[in-house]
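According to Swiss-Prot, the protein carries these features:
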DISULFID  C57-C85  disulfide bond
DISULFID  C88-C163  disulfide bond
DISULFID  C93-C100  disulfide bond
DOMAIN    54-168  domain 'Expansin-like EG45'
DOMAIN    178-257  domain 'Expansin-like CBD'
SIGNAL    1-25  signal peptide
Amino acid sequence: MTATAFRVGLWLAVTASFLLTATNAKIPGVYSGGPWQNAHATFYGGSDASGTMGGACGYGNLYSQGYGVNTAALSTALFNNGFSCGACFEIKCTDDPRWCVPGNPSILVTATNFCPPNFAQPSDDGGWCNPPREHFDLAMPMFLKIGLYRAGIVPVSYRRVPCRKIGGIRFTVNGFRYFNLVLVTNVAGAGDINGVSVKGSKTDWVRMSRNWGQNWQSNAVLIGQSLSFRVTASDRRSSTSWNVAPATWQFGQTFSGKNFRV
């Protein structure tokens, strides 16, 4: 082997080793959010936000899940086919006294629902959530913190922000023997998740597929095993919760794991 060939081979080996290490390494730091952008906002759900319960993210009762009224339904352009569920936004009304609350306050909301398009209406007159518009349909109590009721729709500025949650990531396990459907809620940091894996005490890690919203499924038989979960957020950071469900777990139970740092 010539000296040149040896150096090339050594460089390729070092490069491959570096790429493998970078791929498997943990990403340092915390989620930092994004830049301010422009959109519009309306409201729904009534003065008590009761009409916002359930929704396309699968969170069910938003009060008991800890989201409360600080929620929003996202237009197609923002919803990302459900992968944006759990993302957190800071929103403020464009500083216009005709439509905005004095002082230009901002609100913090979590994406919990989908605002469907209405192609029977033009995008600037009723079809507020039609693509490609970026639009937030806010729980009514949150809208009234930034905009006047008589306005109906207001121009806003928004940005992604880190989600700050109390307690750990929650895993609600539903399904039956050969089908596990896990609802993932209360995610801090980026808030929205791109991947979930589950590990039984007698199995290797099994990558789950997204069923809908933030419900993730697996066909592995896990009954009688303690369960660990690994959640990967949209910023590619991962959080592993070891043995959060004991071997005696039952379908319908919720378990709290390790959350992301904020």
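Placed from the backbone N, Cα and C atoms, the Cβ positions cover glycine too.
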C85 (disulfide bond) versus C163 (disulfide bond) - Cα distance in angstrom: 12
Listed in sequence order, residues with CB under 8 A of C100 (disulfide bond) and six or more positions away: C93, T94, I146, G147, L148, V154
Greatest C-beta neighbour count within 10 angstroms, which of the disulfide-bonded residues C85, C88, C163: C85
Most Cβ neighbours inside 10 Å, all chains, among the disulfide-bonded residues C57, C93: C57
C85 (disulfide bond): secondary structure state under DSSP, collapsed to three categories: coil
Helix, strand and coil residues within the domain 'Expansin-like EG45' (54-168) as assigned by DSSP: 17 helix, 35 strand, 63 coil
Between C57 (disulfide bond) and C88 (disulfide bond): CA-CA distance (Å): 14
